[in-house]
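Trainee: Below you'll find the structure I mean.
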Amino acid sequence: MRVETHSPSFTNPNPAEACSGDPTEMGSRLSGVSRAPLPHAAAGRDGEAAAAGKIGAFLRKAVAAQSYGLMFANGKLFEATGDALEKREQYGFSALKRLDGLSRRNLDAVAARLGALDSAEQALKQHIMAGAWHFRHQSNAALDDGEKATIASNHLLSRQARSSGGNTFADDKALLSNHDFVFFGVEFSGRDKNDKPLNHKHSTMDFGANAYVVSDALPACRNGYLTLTDHFFNRVPGGREAEHQDFVGRFAQMGRESGRWIHEGKYRQNAPLFCYRDMKAAVALHLIEFMRNSQDEAFKAYVFDQATQSGPALDRVLNSVFQAEFHIPRLMATTDYAKHPLRPMLLKEAVDSVNLPALSDLVSNRGDAVTAMWHAINKGKDEVVAYLLGNWQFEAKDFSHAPAGFYHELNYALSESGASVYILDQFLSRGWAAVNAPFEHVNRGDTMLDNAVKYGNREMVAALIKHGADRNLLSKWHKSDLDALLA
């Protein structure tokens, strides 16, 4: 699951051109669009404010075009389905037109399968389309300052050499290349954003202790896209996998039926995409299709009789039949949000997400600080180590044995694949690790220099040699590798 910049309000909430526009090149100037909320425009404002709002809307579309261009031009799935764009340095509004075309095609496909709707189905569709939705981003990271929430895409964080942890992996990038979007779960209840979310998981995953909630009317959402499932896995968790077992348990047949792939075409990972204009109609029609195919008469009666009368009841239905995921391009920076603690944060989570305010609350003694330091070593979190070094006093004996739950001794952890050279240097400089001490467990007898050579880490090799690493202690098969690495 799973960056927000915001645009002006529109008189027509679903303009025909919401997903498209004239091809326009913005060039490298777009790289400067980052974390400032863009101005809103509303009826009754003076001409200057309205003009600023139009500029903000244009910039949001221009940035969104880059996110969609990156996805459609680089995702292997879109190449396989014939929907890929040509790779370019910068993308015009044709990238948004591609989304618009896919969305319309996917909506037409489900509408064609259904044919004419009866009166009850029509009423259900209208009820869903008239509903107010909210989008929920869960995270352990510190994404707000109490006044403004700023959530960046994986792609933007990488470009800025920043990371607070994430859930985007190489397979996601290769198949979909959708890592320039911010991911949200969907709250369908229509309750206010200040009300605690009804859902705390997405596709069985708990993505964090805090939820940042925004309205679907937020201008930045107008350039987003919706999938009915997790976009990558594209499967609804049904039955015992579902989050709300109390609800699914009432409709056992529905629970069994809901665990499924939702796709168009022959590729089951080809999750149908829907732009902002089409997303509510898509959810309504796919729900009707599910109900027509369902054998659970009690569930169908519940939907028509109760879910149309209660927002929370409708949310239970839609978050059981689907696991909808909304995606906002690149960045969301807004003051119009609500933050909800869903559960206590774990120390490991605060370290992994580099949430220093939470870490400060969770570390109350040196024992906590030592445990946090081990987590930071394992994850290569330089900023956390710097924070701990600046706020706590440590001794070498604090790290002589790994705490419960950690699998490697200190020297191995400091030099394994992906380890931080900054953290290694800090420990060696303070005498908390012996540069030539042999490993006692994994690869017994090897030293940190063996690990650095094995993983081809020239920077780490240089740091170890600076601190007196003895190349004569290298395993025989690593000596020639060291020469090649330093050549």
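Just so you know, glycine gets a Cβ as well, placed from its N, Cα and C.
Okay, so Swiss-Prot annotates it like this:
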ACT_SITE  E325  active site
BINDING   H137, Q138, S139, S164, N167, T168  NAD(+) binding site
COMPBIAS  1-14  compositional bias 'Polar residues'
REGION    1-41  region 'Disordered'
REPEAT    368-398  repeat 'ANK 1'
REPEAT    444-473  repeat 'ANK 2'
SITE      H137  site 'Important for catalytic activity'
SITE      F183  site 'Important for catalytic activity'
SITE      F207  site 'Important for catalytic activity'
SITE      D230  site 'Important for catalytic activity'
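Walk me through the surroundings of each of these features.
Mentor: DSSP assigns E325 (active site) to a strand in the three-state reduction. E325 (active site) has a Cβ environment of 26 other Cβ atoms inside 10 Å.
Of all the Cβ atoms in the protein chains shown, 27 others lie within 10 Å of the Cβ of H137 (NAD(+) binding site).
Same-chain residues lying 6 or more positions outside the repeat 'ANK 1' (368-398) and placing a CB less than 8 Å from one of its CB atoms are 347-348, 350-352, 354, 356, 359-360, 362, 406, 410, 413-414, 418-420, 422-423, 426, 430-433.
In the repeat 'ANK 2' (444-473), the DSSP tally of helix, strand and coil residues is 19 helix, 0 strand, 11 coil.
Annotation note: H137 (NAD(+) binding site) sits in a strand segment as assigned by DSSP.
In the three-state DSSP classification, F207 (site 'Important for catalytic activity') falls within coil.
Neighbour density for D230 (site 'Important for catalytic activity'): within 10 A of its CB lie 23 other CB atoms from the protein chains shown.
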Trainee: Have a look at the binding-site residues (Q138, S139) and report the one with the fewest Cβ neighbours inside 10 Å.
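Mentor: Result for the binding-site residues Q138, S139: minimum number of other Cβ atoms within 10 Å at S139.
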Trainee: Using C-alpha atoms, which one of the recorded positions F183, F207, D230, E325 comes nearest to S139 (NAD(+) binding site)?
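Mentor: Considering only the listed recorded positions, the nearest one is F207.
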Trainee: I'd like to know which of the recorded sites F183, F207 has the most other Cβ atoms within 10 Å of its Cβ.
Mentor: F183
Trainee: Hey, of F183, F207, D230, which of those recorded sites are within 10 Å of Q138 (NAD(+) binding site), Cα to Cα?
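Mentor: Cα filter at 10 Å returns F183, F207.
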Trainee: I need the CA-to-CA distance for E325 (active site) versus H137 (NAD(+) binding site), whole Å please.
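Mentor: Answer for this pair: 10 Å between alpha carbons.
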Trainee: Can you tell me how the residues of the repeat 'ANK 1' (368-398) break down into helix, strand and coil by DSSP?
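Mentor: Tallying H, G and I as helix, E and B as strand, the rest coil: 25 helix, 0 strand, 6 coil.
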